[in-house]
Amino acid sequence: MTYQEWRQFAEHVLMKNKENDPFLDVKSESVLLLQTVTKRSKASILAFSETVLTEVELQQLAQLLMRRAKGEPIAYILGEKAFWSLSLKVSEHTLIPRPDTEVLVEHALDFAKQRVTSAHVSGELSILDLGTGTGAIALALAAELTPLTQKCGINLNILGVDRIAEAVALAKDNAKQNELKVNFLQSVWFDALNPEIRFDLIVSNPPYIDKNDPHLTQGDVRFEPLSALVAAEEGYADIRHIIEQAPLFLKPQGALLLEHGWQQAEKVRSIFQKNLWHNVATLKDYSGNERVTLGCWR
């Protein structure tokens, strides 16, 4: 079987997944699987489409295709996912980084850069990423802020925490792979942190889905860890906990940025306001949905 013949076969098999994943790109995924097994570039696979696959390659492709046909996310099958400017390892112990979270990174960068150029930073910029998972948010911030802080003679201290030991280990691997200086710690939210430590900025993409949400039975989330998706109180328990506890770990005029569901913004703003946060605002994602809410502490 040639590259071209296998691609056509894989596209036919994967088309059955369209019902559960309407955004599935069967053409791209068939090429990705070929790239993974043959170790050849996309351009090479397309240019030499009549190349015949070996028996070993066909067996490996059959295994990968079977996993994808069952709905397993392509990121888990490949073991990696692009986020921001980074290539990150992923596993079944972590959420798969999504483009919507880059909105959180963008606005966190805006705040951090303003902080660096203001009188609020004295020698160090400290950032905490709660529920870090793959380390995506923390590492993206490190990639962008390291040159700026070095130029300004400021020490950059970024800490990512996660309750899952395997996620912490994976995040450390991603930091090493991308040659970025970020510390990672196993902790249930703030529990394992030094109570004396203070941060300029706290960011988080916490669990925010209600356990009865029908979307949990659709698409990639069927394979992702429920502990990283689902929260009590109809999805608000972890958000509420973070908003209530964050002031204990923030420097004066520090900020908290939280990602949440697109229909949760009003309730999240209310929780911020009831806890006496200032300048509470919600920011939209690339689809125009309210996705990130921030607040500043006095």
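Using the three backbone atoms N, Cα and C, a Cβ is placed for every residue, glycine included.
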Among Asp100, Asp110, Asp162, which residue does Swiss-Prot name as a further S-adenosyl-L-methionine binder in the site formed by Gly131, Thr132, Gly133, Thr134, Gly135, Trp189, Asn205?
Asp162
Most crowded position, judged by CB atoms within 10 A, among Trp189, Tyr208 as binding-site residues
Tyr208
If you draw a 10 Å sphere on the Cβ of Thr134 (S-adenosyl-L-methionine binding site), how many other Cβ atoms land inside?
28
Among the binding-site residues Gly131, Thr134, Gly135, whose Cα is within 10 A of the Cα of Pro207 (substrate binding site)?
Gly131
